[in-house]
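Visitor: Take this structure first; my questions come after.
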Amino acid sequence: MKIVLASNNRGKLAELQAMFAPLGVELIRQGDLFEGEAPEPHCTFVENALSKARFAAERTGLPAIADDAGMCVSHFGGLPGVDTAYYCTQFGYEKSDDNNVRALLEQMQGVADRRAAMVSTLVGVRSARDPEPLIAMGRVLGEITTERRGTQGFGFDPVMYIPELGQTFAEMDPAVKHAHSHRGRATLQMIELVRERWVR
């Protein structure tokens, strides 16, 4: 079964491909099939993920899965949330994972409350007008470190410390990260939903 991943993020694609492989599902990055990205005008992860999934399904005629994920920092009242990917741009930096981490560390200097949640919402649709989308959510609580730690992963992985594991996501072996990350948790739920409802 082929499913479009409604993302151009190669890090997400690699993570999700590895986790979906046992199902016999081939995930194809939308950028390999068409140009352009869905608008993400909403203030919740689930609405943006649904918008992206419907857009990719409409453009390709294939089932689609979209992820909308982000960091919700306690000190910032849950922000940056759905604007996580563009976090650094409000501080004059060009959009990139590296600049996002730099901006976050700068903004968190001297802040005692370092609690944060990483949230991932996956939405799957069989077609652009699917009335019954699959929805899976994963959430992990952690703390923002004061400096980068580790070289694995992408995004905020080098500064997202998980106390019960004693490591940042960037310090973890990929298999450990998949088992404990927000995206890993949401993906495991989505795999079960796809297995139950889409794979025959």
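From the backbone N, Cα and C atoms, a Cβ is placed for every residue, glycine too.
Straight from Swiss-Prot, here's the annotation block:
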type	residues	note
BINDING	S7, N8, N9, R10, G11, K12, A69, F154, G155, F156, D157, K177, H182, R183	substrate binding site
BINDING	D68	Mg(2+) binding site
ACT_SITE	D68	active site, proton acceptor
Visitor: Quick one: Cα separation, D68 (Mg(2+) binding site) versus S7 (substrate binding site), in Å?
Guide: 9
Visitor: For the binding-site residues G11, G155, which Cβ has the most other Cβ atoms within 10 Å, all shown protein chains included?
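Guide: Its Cβ has the most other Cβ atoms within 10 Å: G155.
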Visitor: Long-range same-chain neighbours of N9 (substrate binding site), Cβ under 8 Å, sequence gap at least 6?
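Guide: Non-local contacts for N9 (substrate binding site): F154.
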Visitor: Over all pairs within S7, N8, N9, R10, G11, K12, A69, F154, G155, F156, D157, K177, H182, R183, the annotated substrate binders, what is the largest Cα to Cα distance, rounded to whole Å?
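Guide: Binding-site diameter by Cα atoms for substrate: 21 Å.
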Visitor: DSSP secondary structure for G11 (substrate binding site), reduced to helix/strand/coil, please.
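Guide: Its secondary structure by DSSP: helix.
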